[in-house]
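Peer 1: So TrEMBL lists the following for this protein:
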- A:27-207: domain 'tRNA(Ile)-lysidine/2-thiocytidine synthase N-terminal' (DOMAIN)
- A:32, A:33, A:34, A:35, A:36, A:37: ATP binding site (BINDING)
C-alpha cells in the first residue's frame with residue numbers, strides 16, 4: 001500500500017508559512033501548469049483559509065511554443081474552476097525574443113514583480129523542488145562557482161524592497177509531488193521544452209545524476225543536499241562574524257573612498273579579513289574582476305603588519321597605509337575601470 | 001615545440017621544501033616504480049645536494065600480482081644505478097592478505113613508518129599529484145563527506161610524533177609528470193592493478209571525469225581544485241576561531257566529564273558554537289555517531305539561553321545546566337556506548 005503524500009506535503013508547506021509568519025497577506029503563485037507549480041497551487045489553495053492567504057495566480061505565456069496558448073488556457077480553466085483569481089502575462093510586444101532560457105526567466109520575473117506591485121502582494125511563491133536543488137548544487141560544482149554556489153537555491157530571496165520570492169516546495173521531491181497529484185486525480189501539463197530548453201540542466205537531470213546514482217552512490221542526492229546545507233551554514237556563520245567587524249572597522253566615505261581601521265581587524269584570522277574585504281568591495285559596488293587570492297593576501301598582510309605601505313590592485317584601486325588606517329581609493333578616471 | 005617541464009617541476013618541488021624549511025634532513029621516498037613516484041625520486045635526487053637531503057627509497061612489495069617482484073627489482077636497480085639507498089618491504093608472513101586496497105595501504109604505511117623510525121627520518125615523501133587531488137575531491141563530493149572532505153588530500157600530514165608525510169607533487173599534473181619522464185628518457189613501471197584495484201577511483205578517473213570534461217565543463221578539474229582550496233581556507237578560518245574559544249570556555253575535567261562556560265560562548269554565531277562542540281567531542285574522543293544537526297542545535301540553544309535545563313544526547317551524553325556552566329557527562333556504563 002502506498003502511503004498518502006497528502007498530509008506530509010500539506011504540513012511541510014504549512015510549516016514553511018508558519019515559521020516565516022506569512023499569513024493574512026496576498027501571495028502570488030507562479031503557475032506554469034506543470035506538476036510542480038500545480039501541486040504548489042493546490043496545496044496553497046487548501047491552506048488559504050487556515051492561513052488567511054489571498055491567492056492570485058500569475059501565468060506568464062512565453063509564446064515560444066505552439067502549445068503555449070493551451071498551457072495558458074489550462075491554467076485559466078483550473079483557476080476558474082477553483083475560483084482563484086488568475087492573470088496571464090505576455091512578453092512586451094516591442095521585445096524581439098531570442099528564446100534563451102535566461103531571457104525568458106528575466107521577462108517572467110519582471111512581469112511577476114510588476115503584478116506583485118499592482119496587487120500590493122509582498123510574496124511571490126514559485127515551485128522549485130528538492131530535485132531542482134540537487135541539480136543546481138551539482139551544476140554549480142561542475143561549473144565552478146565556489147563555496148557560495150554550493151548553497152544552491154535559497155528558500156526565500158528579496159526581489160525588491162516590497163517583494164520577496166518564496167519556495168515552499170524546496171524540501172519536497174518531484175516524485176512526492178507527482179504521487180500527490182495522482183492521488184488527488186489532478187491533471188497537469190508536461191513542459192515539452194523541458195527536454196531541450198536548458199541543455200546543461202537537462203543533461204544533469206537525465207544523464208549525470210542517474211550515472212552518479214547507479215555507479216557511485218545511490219544516496220548522492222542526499223550527499224549533495226547535505227553539502228549544500230553545510231556550505232550555507234558556513235557562509236551564514238561568516239556573514240554573522242563579518243557584519244560587526246565591518247561596522248567597527250570600515251567607513252565608506254564616498255563611492256570612491258573607503259577607510260579601514262586596521263587595529264580593529266589585525267587580530268582576526270586571514271580568512272575572516274578576506275571575507276570582510278570581499279564584502280566591502282561588494283557594498284561599494286567596486287569591480288572584483290581580476291582580483292585573485294594573491295591580491296586579497298597582500299591586502300590582509302598590509303592590514304596585519306602595516307607593510308607594504310602602498311599597493312595597486314585591479315579595479316583599479318590604490319591601497320595606502322596612513323598611520324593605523326588603510327585608505328582605499330577607486331580611480332574612476334582610469335581607462336581600466338571605464339572599460340569594465 | 002613542446003616546452004620543457006624540467007625547470008617548472010624542479011622549482012615547484014624546490015619551493016615545496018624551501019617554504020616548509022625541509023633541508024639537511026633524512027627523507028624517505030615511497031617509490032612504487034610508477035611514473036609519479038619515479039618522477040618524484042628523480043626530482044628529489046637532482047635537488048638532494050642543494051637541499052642537503054639524505055634520501056632513502058622505500059618500496060613495499062605487496063606480493064599481490066605476478067609482476068610485483070619485477071617492480072621491486074626495477075626500483076632496486078634504478079636506485080643502485082643512481083647510488084640511492086633502497087629498502088624493499090614485504091607484508092608480515094603471519095598476515096593473510098585479503099588484497100583489499102585499504103589493507104594494502106595500511107600495511108604499506110605501517111612499514112614506511114617503521115622504516116622512518118629505523119632511519120630516524122622525520123619525513124616520508126609520497127607522489128600524489130593534482131590529478132589524485134581532483135579525483136579525491138570528486139570522490140568525496142559523490143560519496144558525501146561534507147565540507148571537510150572537500151578539502152581533499154593535504155600537502156602534509158603528521159603520521160606520528162616523529163614522522164610527517166609530505167606530498168611535493170600535489171601541484172603537478174600527471175601529464176606534466178609523464179612529459180618530464182619522456183624528456184629525461186626515464187622508463188617506469190605501469191601498475192597493472194590500477195585498472196581494477198580501486199573500482200570507484202578508477203571509474204572516477206576513466207568515466208566520470210572524462211564525461212564531466214566533455215559534456216559540462218572542460219575546466220572542471222580547476223573548478224574542483226578551487227572549491228577544495230576554498231573549503232580548506234574556510235575550515236582553517238573556523239579552526240583559528242575555534243581554538244581560542246575552546247581555551248576560554250571549555251574544561252576537559254576527565255575522560256567522561258567536560259564543563260563548558262556558557263558565558264564565553266553565548267554571544268558567538270550558532271555555526272561557530274557548533275564547530276566548538278564538534279571539536280570538543282573530537283578532543284574527548286567521544287562517539288559522534290547518531291549526533292545530528294538537531295542535537296547540536298539543542299545544545300547551542302542551551303548554551304545561548306540556558307534552556308532546557310537538561311538534555312540527553314546519543315553517545316550517550318547527558319548535558320545539564322549548572323548556573324552559568326554546562327556539564328557534559330559521558331556514560332560509559334551504558335550498553336549503547338559499549339556497543340559502539
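Positions of Cβ are set from backbone N, Cα and C atoms, glycine also.
Caution: TrEMBL annotation is automatic and unverified by curators.
Not measured: the values here are computed from a predicted model.
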Peer 1: Cβ neighbours within 10 Å, counted over all protein chains: which one of the binding-site residues A:32, A:37 has the most?
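Peer 2: Compared across A:32, A:37, the most Cβ atoms within 10 Å surround A:37.
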Peer 1: Give the helix, strand or coil assignment DSSP yields for residue A:32 (ATP binding site).
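Peer 2: DSSP assigns residue A:32 (ATP binding site) to coil.
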Peer 1: Looking only at the domain 'tRNA(Ile)-lysidine/2-thiocytidine synthase N-terminal' (A:27-207), what is the mean pLDDT?
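Peer 2: When the pLDDT values over the domain 'tRNA(Ile)-lysidine/2-thiocytidine synthase N-terminal' (A:27-207) are averaged, the result is 91.
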Peer 1: Determine the most Cβ-crowded residue among the binding-site residues A:33, A:34, using a 10 Å radius around each Cβ and all protein chains in the structure.
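Peer 2: Buried the deepest by this measure is A:33.
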Peer 1: Quick check: in three-state DSSP terms, what is residue A:37 (ATP binding site)?
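Peer 2: Helix, per DSSP.
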Peer 1: Please report the number of other Cβ atoms within 10 Å of the Cβ of residue A:36 (ATP binding site).
Peer 2: 23
